[in-house]
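Following: one structure in structure tokens, then a few remarks.
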Amino acid sequence: MDAINAFNCTCVQGFTGLTCADDVDECIMGNPCKGNRACVNLRGGYKCECKEGFIGDGCMTPIELCDGTPCINGACVNKDDTVRCGCYDNYFGESCQYELPYYGYSVMLIGDVTDVDGFENDMGITLITALQADEDDVVVTVMEDVRYIADETRTELTKLTFIVLYDDGYISAAKISELLSTFPQDTMEHRIGYKLYEGEAEPVTDPVNEDDDDRGQLSANWYIILIVIIILICIIIVIVAAVLVYRRKRVCKKQIIENDYVDMDPMQVAFENKVYSDLTSSENVTQTSTSKENEC
Ligand SMILES: [Ca+2]
């Protein structure tokens, strides 16, 4: 609009300023993009784009993050916007591309192996030596930890299957076997801290119940310990009570004798002194004392 020595501009939507040359930032003025949409400012306007992870009209449709993630031998798992491959049995790796029977080397050890981290560490040191590798180049990971029972001796056994990452690639079980065979058996057993078992064994098919049995045995042991403690406490109480009664009787007896002295005249005291040593065996005094002891 023209005016005297001045002008006013009426801006079209999206522009502002004296000459309407300035863009309005709609994303700051009041975000017009709601829901899963993100605002993008443009000169003279704006646009709404779907936020990452959403597509479709209104950006209401979540993108399946597993799309494009190859899980060769597994299923893609999309949880909390984190994608990973859940491998089928006997496969491992980022895309489940490795076959465990080919890469996994198993050892059967005698006893309940609870220090798996220690085993991995010790086996790593062994293989670093065998490969003449740098310390950081070898990583041992236990993939399976299965309990067995020795057929004949019924000894508890632990079968650990592990893989070895060396120089950014996994080495085969055959190669691991070859490397370990370069060590004398006793040397390796010493290094990994457990005795290897060679013989027939059967897997423990229901380890949960096995654990329950252990817990049941543990509870039974605690009951026995508790009963023994209670019996000991009872014995101590009886002994303490007996000692207290005995001491009480001695004090009473002493008081009775002292009172008898106070009641006597000097001649009697002299006489009684004579027989004092026999006092406890004196029938009369004993009878008198007994009657007074009862008062105690
Ligand atoms: Ca704008």
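A Cβ is built for glycine as well, from the same backbone N, Cα and C atoms used for every other residue.
Since the structure is predicted, the reported quantities are computational estimates derived from the model, not experimental observations.
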TrEMBL annotation, disulfide partner of Cys50 among Cys39, Cys59: Cys59
TrEMBL annotation, disulfide partner among Cys76, Cys96 for Cys87: Cys96
TrEMBL annotation, disulfide partner of Cys20 among Cys11, Cys33: Cys11
Neighbour count (Cβ, 10 Å) for Cys11 (disulfide bond): 14
Residue counts (helix, strand, coil, in that order) that DSSP gives for the domain 'EGF-like' (23-60): 7 helix, 15 strand, 16 coil
Least Cβ-crowded entry, counting other Cβ within 10 Å, from the disulfide-bonded residues listed as Cys20, Cys50, Cys96: Cys20
